[in-house]
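The structure appears below as structure tokens.
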Amino acid sequence: MLPIPENIAIVGLNIESLITALILRKAYHRDFVNIRIVNIANPTPHSNISLVDKQLNQLLTHYEVPEAQYLKTLKAVPIIATEFDEWSNTEFIIPKKHEADIFFHPLLQEISSLKRQHFDLRLDTNDFFFSHYLSAKKLQITSESFPFAIENGYQVDSNALHELLVEIAENNHIQIDRKDTFDFRLDTSGNIFSEDFGDGNDNEYIFDCSGFSQILTSKLPGYCQKQLPKIRQNNRCLSATLTNTHQDRKITCVAMKAGFLTICNTEQITEIQYFYSSQYTSDEDAKTELLDYIQNKKHTNVASLNLYSSGQHLVAAPWQGNCVALGLTAGFNQLPVVSSIEHLMLSVTDFVDSIQIDANEDEIKAAFNARVTKRYEYCRAFGDLSLLLQSKLDFPYWLIPQDNTLLSEVSGAMLALWRKGEDLNALSVADIIGEQAWYALFCGLDHFPQSNLQKHVNENAIEKEVYEMKRRFEGYSNNFTPINDSFDKPADQKTIENSAVSEEDNV
Amino acid sequence: MYKNIVVLGGGTAGWMSAVYIAKKWAHKNFRIQVIESDAIGTIGVGEGTVPSIADFFDALGIPEHEWMPKCNATYKNGIRFKQWSSVDGHEDYFHPFYSELDAFHKQALLTSIALRTQGFNTYAHPDVFSVVSKLDQEDKSPISSENYLFKSAYAYHFDAGLLADFLKSKAIELGVEHTVATISDVKLDNTGAIASIISNDGTEFLGDLFIDCSGFKSMLLGRALGVEYISFNDTLLNDAAVTVATEMDSSIPSATYSTALSSGWAWQIPLTHRYGNGYVYSSKYISPEQATIELLEHLNLPEGTPVNHVKMRVGRFAKGWEKNCAALGLAQGFVEPLEATALHFVTQSVIDLVSAIEDANYSDANRDIYNKKLEARFTSTRDYIELHYLANSRTDSKYWHAARSFTPNRRLQRLINAWQRGENIAHVLNEEKVSLQLFSLEAWVYLLAGKGFYSTTNERTLKVAPDNVNVNIERIKQFVNISATHFKSHKLSLENLKP
């Protein structure tokens with residue numbers, strides 16, 4: 001059994017470390033456990049917008065921050081779906097789970113199964129998700145007369161969130177040490193010690209939240225990256241921040257010439273990140289392409305442009321010795337279907353649960369590592385399959401065949417299930433990407449047989465069921481009031497200015 | 001080949017059978033006759049139904065607005081059982097019909113109740129999880145607004161006599177021949193099958209297939225063909241009923257009420273213009289006169305109010321289809337009216353009969369399959385109703401002691417043991433191959449939990465529920481309350497049906 005923590009140090013002063021500290025403080029009383037955050041100089045690029053889910057709301061509610069206040073302070077915009085534009089013939093969404101969807105999931109399963117058996121049936125996947133109706137009709141996401149809930153997330157202002165978390169941490173006996181440098185040493189068992197962590201206490205547990213720097217994790221003797229297949233790898237990220245923009249409750253992923261954009265926004269800013277491969281475009285061309293996109297979409301003022309190196313990674317064993325790698329330190333996937341904060345919160349909860357397990361230390365750590373890395377692998381598989389199965393024909397980046405045999409175990413298994421016409425729930429990790437999301441992905445990418453199609457005898461009956469479903473969703477949507485006009489549509493065109501690129505190619 | 005079909009009996013069962021067969025075989029040029037006696041009244045105890053009856057009307061292509069007003073029909077969300085239990089907090093409970101809205105919290109219901117059977121202090125009464133139960137409490141219909149369409153299975157209450165008249169007119173439109181005659185004799189052929197039936201005036205009615213809807217007399221299947229009768233009175237004690245109609249209240253309930261009395265139970269069935277009331281009792285424990293007095297007191301009616309008395313025979317014939325004769329309705333069997341299954345047996349039997357005959361090229365080749373299916377339906381229904389009595393906890397009369405004192409069959413005993421040990425009864429139902437078509441897993445749970453049939457009833461001895469139990473009862477209550485606001489008052493829904 002692992003020791004109950006008495007001293008905890010968290011390396012890095014950022015949103016991830018602060019959330020970690022607050023989850024641990026919630027789990028461990030201040031009279032018995034010291035929690036200390038040690039600031040370090042950290043070159044990890046700082047995103048202006050953070051993607052969070054409702055778990056953070058619950059955490060902040062525990063610290064008596066009312067949800068309404070928190071959302072207002074953070075200029076939050078809900079997330080009800082991730083939209084994929086230009087990846088296939090039609091736009092499609094990966095919805096946040098809505099409780100009303102479950103009644104129609106069997107129909108989606110049935111139609112997709114028949115289509116995989118070469119039956120020629122019409123399927124517009126978005127119709128099966130109530131989030132789509134809320135978005136298309138520009139409706140509020142909650143209604144007092146409709147008790148089914150959506151598990152939406154939020155796009156929040158990172159700086160405001162950071163400030164809020166610092167305030168909560170300082171009011172809840174979490175010590176924050178701001179240092180420019182610090183030293184640490186490893187003992188023969190691979191445990192980390194540092195005078196900078198406090199008053200000479202041995203810290204039973206140290207959490208590495210240093211982001212891509214992996215300040216502690218990368219120095220551990222057993223450190224290695226888990227090798228995952230490389231499907232259309234992107235190594236660069238061009239990030240634009242725009243002000244005075246429209247508000248969209250979907251995160252958007254747009255396929256570009258040599259990679260994809262991810263677009264998110266708060267009430268005040270939009271952040272567009274272009275993940276691309278320098279093999280297929282130059283930085284200058286990527287910049288031109290991005291600015292053209294912004295202009296074509298009638299977006300708004302570009303406040304800043306930053307260029308980073310960007311790769312995906314996954315630490316093979318996030319918990320070694322007394323050090324646990326969390327969040328971006330542990331892994332990073334470019335496609336934002338699951339955010340790094342969601343990963344982090346689940347991992348910290350796993351840690352707290354692990355401490356209570358009555359088993360051998362090594363077994364507990366191995367189980368923790370398996371669970372955490374499996375989550376990343378699921379998310380990675382989701383991204384890999386979206387990059388593999390897209391149907392773009394316009395640019396070399398998308399046309400170069402990928403080696404299917406190099407698919408990860410998870411990707412391969414999900415793809416095999418799909419192609420065999422089987423249900424996809426067998427492999428789902430319920431707390432990270434649900435079965436519905438996989439259906440949305442495969443159906444949205446239109447990954448169905450395209451030849452030797454045949455009519456289905458019950459086609460009319462199936463279409464009638466789809467019609468009835470749409471009628472029901474239309475009815476449900478009448479319970480919701482419209483949102484402010486500024487949501488979900490571009491604002492008037494503004495001049496693109498201040499588009500100089502600042503190179504921060506230091507990751 | 002069955003081309004000439006004779007239906008004996010013109011009650012609800014007779015006309016249901018005739019109209020369904022006429023509709024299904026409309027283009028076969030078969031001859032269908034209904035022989036109805038004007039000397040024999042219809043019993044009409046089947047005023048309450050279960051949701052499968054909707055399939056029957058759908059098959060006939062008759063919409064609600066056409067038949068419901070003509071039959072004084074109302075909607076039925078389920079059955080509320082009152083005073084069947086003496087356990088605190090479980091004095092009454094609701095058995096709702098299926099609804100997607102209730103299915104949404106099915107897991108929460110099953111988890112909470114499973115933990116209660118294991119001795120944890122969780123919500124143990126099923127009503128709190130059910131939107132449909134709330135609809136009953138608020139006298140609302142199962143019809144929701146267009147903004148809140150969720151699938152649900154509801155049933156109806158109606159005046160059985162009016163329904164028989166309505167179906168009779170439909171059947172005659174479809175070419176069914178109607179003859180008023182009292183049958184006095186049955187001729188068998190040399191194979192033992194029925195060749196013809198003969199009326200008092202000597203008229204002979206020939207047929208290839210005879211449908212016996214002659215009520216408890218079972219003139220063809222029982223008397224003429226001598227099929228063995230299996231009585232259920234070793235476990236189900238009730239054998240009589242006294243009935244009376246009362247005025248409707250200003251608001252029309254949307255459920256049947258079943259209230260336990262000293263020697264049986266009383267039903268209250270709302271029609272548009274009146275209540276149908278009755279007291280089903282065991283004549284071994286109460287006389288018809290005493291039963292009448294008790295019913296009138298229960299209904300606050302003055303002494304001397306006219307009532308009707310009905311004798312019941314609870315049991316079934318060993319085969320529902322013998323030779324060229326299939327019995328439907330009371331002539332086939334009857335498992336007392338507690339769960340309003342009488343007309344379910346009629347509609348399902350005629351649907352099964354038509355399918356069985358069609359599948360066998362209009363012969364009797366599938367007769368054994370039909371009979372086995374019918375037997376299974378009787379078995380699961382009887383089990384479910386017996387469990388009502390086994391799980392009762394009334395101590396106020398000899399009747400109720402006796403009603404739960406019989407030795408349960410092996411299936412029920414396993415089920416009860418599993419429940420009281422806190423095990424999953426779904427496994428038992430599955431292993432015992434109990435049909436869940438009419439009574440789903442939830443229905444079995446509603447019955448046991450609703451009556452508070454827990455091995456530990458002292459709340460002080462219950463354990464604190466585990467932290468990780470994912471049942472947010474406040475949210476469920478909120479869900480139920482909000483959902484109920486989307487349903488119209490029952491009375492208004494019925495008024496909207498009128499042409």
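Just so you know, glycine gets a Cβ as well, placed from its N, Cα and C.
Please treat TrEMBL annotations as automatic predictions, because they have not gone through curation.
Because the structure is a prediction, the values reported are computed rather than measured.
For the FAD site, TrEMBL gives B:G10, B:G11, B:T12, B:A13; the one candidate out of B:L330, B:L338, B:L353 that the record lists there too is B:L330.
Nearest neighbour of B:K76 (active site) by Cα distance, taken over the binding-site residues B:G11, B:T12, B:A13, B:L330, B:E339: B:E339. B:K76 (active site) falls within a strand segment according to DSSP. Largest Cα-Cα distance over the residues recorded as binding FAD, namely B:G10, B:G11, B:T12, B:A13, B:L330, equals 12 Å. In this structure, B:G11 (FAD binding site) belongs to neither helix nor strand by DSSP; it is coil. Each residue contributes its Cα atom, and for B:E339 (L-tryptophan binding site) and B:L330 (FAD binding site) those atoms are 15 Å apart. Counting every protein chain shown, the Cβ of B:G11 (FAD binding site) has 25 other Cβ atoms within 10 Å.
Around B:A13 (FAD binding site), the same-chain residues at least 6 positions away in sequence with a Cβ under 8 Å from its Cβ are B:C213, B:L328, B:G329, B:L330, B:A331, B:L343, B:V346.
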